[in-house]
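Novice: Can you read through this structure? Questions will come right after.
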Amino acid sequence: MYQDKILVRQLGLQPYEPISQAMHEFTDTRDDSTLDEIWLVEHYPVFTQGQAGKAEHILMPGDIPVIQSDRGGQVTYHGPGQQVMYVLLNLKRRKLGVRELVTLLEQTVVNTLAELGIEAHPRADAPGVYVGEKKICSLGLRIRRGCSFHGLALNVNMDLSPFLRINPCGYAGMEMAKISQWKPEATTNNIVPRLLENILALLNNPDFEYITA
């Protein structure tokens, strides 16, 4: 019988491509008995272009590599100090639709920020989470055979200047924000427990096992 347990992997700071490849391999080889997983990772500086991404949104990449991804959405930036959470879930088994998963991820971030006294909200016209008009968290998902991969990227205490080299998520002039603008002491290490607690609560508090790389 299937056990509702999630494996949570803390992967630390990693290059984008090997993690992306591992995520694809996991999704391609999983079956109905495979436990769901959540991967927590920070990436070395990289621009990733979404499946429908348009080249004109990459303005001046400079020395930062641009990598094609198969997630939804347009171009975004990943770098140290940004907490990425990849959600490798069997949506059929969890009876979750894609829109419900997007809402769940947005609510995870809204709830996490609320605990820090930061009022944030999703936007109907542009997926992600915003503080005022500024974007603090980006979302991008892919569904294959009823299973999700990719996920969210929450700006914690990162250098935001590389976002000026692109139109983030395809929006010219989109301003970005990070948690440390309101909470200077914020780090990915002290944000992860809150983020994890909030997503697990919205997934009905399954058992989980925390694995560090």
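Using the three backbone atoms N, Cα and C, a Cβ is placed for every residue, glycine included.
Grabbed the feature section from Swiss-Prot, which reads as follows:
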type	residues	note
ACT_SITE	C169	active site, acyl-thioester intermediate
BINDING	R71, G72, G73, Q74, V75, T76, Y77, H78, S138, L139, G140, G151, L152, A153	substrate binding site
DOMAIN	32-207	domain 'BPL/LPL catalytic'
SITE	K135	site 'Lowers pKa of active site Cys'
Novice: By CA-CA distance, flag whichever of R71, G73, V75, L152, C169 among the recorded positions is nearest to K135 (site 'Lowers pKa of active site Cys').
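Specialist: Smallest Cα separation from K135 (site 'Lowers pKa of active site Cys') among R71, G73, V75, L152, C169: C169.
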Novice: In DSSP terms, helix, strand or coil for the residue listed as 'active site, acyl-thioester intermediate'?
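Specialist: The residue listed as 'active site, acyl-thioester intermediate' sits in a helix per DSSP.
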Novice: In sequence order, which same-chain residues at least six apart have a C-beta under 8 angstroms from Y77 (substrate binding site)?
Specialist: P45, V46, F47, T48, I64, P162, F163, R165, I166, P168
Novice: Whole-number Å distance between the CA of the residue listed as 'active site, acyl-thioester intermediate' and the CA of V75 (substrate binding site)?
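Specialist: That separation, Cα to Cα, works out to 5 Å.
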Novice: What's the longest C-alpha separation between any two of R71, G72, G73, Q74, V75, T76, Y77, H78, S138, L139, G140, G151, L152, A153, the listed substrate-binding residues, in angstrom?
Specialist: 15
Novice: Grab the pLDDT values for the domain 'BPL/LPL catalytic' (32-207) and give me their mean, rounded.
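Specialist: Here the predicted model's pLDDT, averaged over the domain 'BPL/LPL catalytic' (32-207), is 97.
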Novice: Return one of helix, strand or coil for K135 (site 'Lowers pKa of active site Cys'), based on DSSP.
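Specialist: DSSP assigns K135 (site 'Lowers pKa of active site Cys') to strand.
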Novice: Once near-sequence residues are set aside, which residues in the chain of R71 (substrate binding site), 6 or more away, have Cβ atoms under 8 Å from its Cβ?
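Specialist: The list for R71 (substrate binding site) reads T48, G50, Q51, G140, L141, R142, H150, given in order along the sequence.
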Novice: Give the sequence-ordered list of residues that share a chain with G73 (substrate binding site), lie 6 or more positions from it, and have CB atoms under 8 Å from its CB.
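Specialist: The list for G73 (substrate binding site) reads G50, Q51, A52, G53, P127, S138, L139, G140, C169, G170, given in order along the sequence.
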Novice: Among the recorded positions listed here, V75, K135, S138, G140, C169, which has the most company in the form of other Cβ atoms within 10 Å of its Cβ?
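Specialist: Per the Cβ count, the most surrounded site is S138.
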Novice: Using a Cβ-Cβ cut-off under 8 angstroms and a sequence gap of six or more, which residues of the chain neighbour L152 (substrate binding site)?
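Specialist: Listed in sequence order, they are V84, M85, V87, L105, T108, V109, C137, S138, L139.
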Novice: What three-state secondary structure does DSSP assign to G140 (substrate binding site)?
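Specialist: Once the DSSP labels are grouped into three classes, G140 (substrate binding site) ends up as strand.
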